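Structure record follows, encoded as structure tokens.
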């Protein structure tokens, strides 16, 4: 019986394999990808990942139900906390200019088993997040047309009464993901160009909202007559911070794209800093004008900005807000579909996933197999699943990834310090 038990040496060797770290090649700039992205391209990718539908929905929800006008303070604290995490990503992006984001950072510093877990954690995070945004995109467009798409589907296709499945199949959400997958497959430059267009439209409409909002601002909406600036107190501000923090999680798309940056040592840290600063400023300023235009307790959480402009007599502005929201959600979809296949590519190249996903198309220079397969899986999720319960797990996954990246920075610095300390000469005494 004892001969079937593993020996201690075998267990030791197995544990060492699980904890082995990835050794980077001498020329870390060598890659199969097309290094074509500039600092501006990466910055707009980061903004697209952060300034999504949250700026049109999240601001109103937190202001109405959690923090009141003090949502501004919540976004300031959340932006600062995100900056601390972003600094870790920026340092890693400069030191290790390889695709893979949190997976790669964990692999080169902590070990293989932890990188495997973080890699799958990030993959599920991107898949569920992208499918949830696609369903939100579909629902928002359907609401503009008075839910005609939903009613047509329920009548001609039917409804489901199954736990964890959606009430009805969302063909529109699946279709938009398939279209986005097709565009992402054309290469990094096409993806970047599309992101530029949608980000420019979204930021232009946000600028319009800010101008209109400051013109229509009424300081009395922060007065004690309307409940004051912080009606829920410090607890409301901190609860709002916890919710607002996840508006900034999209900056890791920059780290995932570092292998396609022309000069990653400079472009990645700068792009993370610029995109996070612009996104934080946008969230804070939109929260200011939103709570100054109308009393915070009268906001509509589902469409706060459009409803506020409508109540102030500018119904036509609601169409601009709807266009901005759809463009913003498109940028989030592009960011998810852009990052996810590159993390799969990094895992496949290291032997932790099927090797077919490590193939790069010779003409477009993108991992087209990963893009198509995971685009289809994401479309399937959006088609049939009710993602509200699954989305709650995204916060746990994000926290785990950020924790490992921060811990990996400490480990990497400790390892670098041991390498940099010169060994004492043989037979001599170490220098004091």
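Residue numbering: from 1, along the chain as shown.
Note: Cβ is positioned from N, Cα and C throughout, glycine not excepted.
Within its own chain, the transmembrane segment (36-58) has Cβ neighbours under 8 Å at 133, 136-137, 140, 188-189, 192, 195-196, 198-199, 202-203, 206, 243-244, 247-254, 257, 260-263, 266-268, 270-272, 274-276, 278-279, 282-283, 286, 301-306, 321, 324-325, 328-329, 331-332, 334-336, 338-339, counting only residues six or more beyond its boundaries. The transmembrane segment annotation in TrEMBL covers 36-58 (among others).
The transmembrane segment annotation in TrEMBL covers 70-90 (among others). Long-range contacts of the transmembrane segment (70-90) within its own chain (CB-CB distance under 8 A, at least 6 residues past either end) are made by residues 59, 62-63, 101, 105, 229-232, 236-238, 240-241, 243-245, 247-249, 251-252, 254-255, 268-269, 272-273, 276, 279-280, 283-284, 287-288, 291, 402, 405-406, 408-409.
The annotation transmembrane segment is assigned in TrEMBL to 102-123 (among others).
Taken from TrEMBL, the feature transmembrane segment applies to 171-190 (among others). Outside the transmembrane segment (171-190), and at least 6 residues removed from its termini, the chain residues within Cβ reach (under 8 Å) are 33-34, 36-37, 130-131, 134-135, 137-138, 141-142, 149, 153, 257, 260, 330, 333-334, 337-338, 341, 364-366, 368, 371-372, 375-376, 378-380, 382-383.
For the transmembrane segment (197-217), the list of distant contacts is 44, 47-48, 51, 55, 282, 285-286, 288-290, 292-293, 305, 309, 312, 314, 317, 320-321, 323-324, 327-328, 330-331, 334: same-chain residues at least six beyond its ends, Cβ to Cβ under 8 Å. The annotation transmembrane segment is assigned in TrEMBL to 197-217 (among others).
The annotation transmembrane segment is assigned in TrEMBL to 229-251 (among others).
Sequence-distant contacts of the transmembrane segment (272-294), counting only residues of its own chain at least 6 positions beyond either end whose CB sits under 8 Å from a CB of the stretch, comprise 39, 42-47, 49-51, 54-55, 59-60, 63, 68-69, 71-72, 75-76, 79, 82-83, 86, 89-90, 93, 203, 206, 209-210, 212-214, 216-219, 221-222, 244, 247-248, 251, 254-255, 304-305, 308-309, 311-312. The annotation transmembrane segment is assigned in TrEMBL to 272-294 (among others).
Here the transmembrane segment (314-338) has Cβ contacts under 8 Å with residues 45, 47-49, 51-53, 55-57, 126, 129-130, 133-134, 136-137, 140-141, 144, 176-177, 180-181, 183-184, 188, 191, 194-195, 198-199, 201-202, 204-206, 208-209, 212, 250, 253, 256-257, 303, 305-307, 371, 374-375, 378 of the same chain, all six or more residues outside its ends. Marked as transmembrane segment by TrEMBL: 314-338 (among others).
For 366-385 (among others), the entry in TrEMBL reads transmembrane segment.
Residues or ranges marked as transmembrane segment in TrEMBL: 391-412 (among others).
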Residues from the same chain, set at least six apart from the ends of the transmembrane segment (102-123), whose C-beta lies under 8 A from its own: 17-22, 24, 89, 92, 96, 252, 255, 340, 343-344, 346-347, 350, 352, 374, 397, 400-402, 404-405, 407-409, 411-412, 415
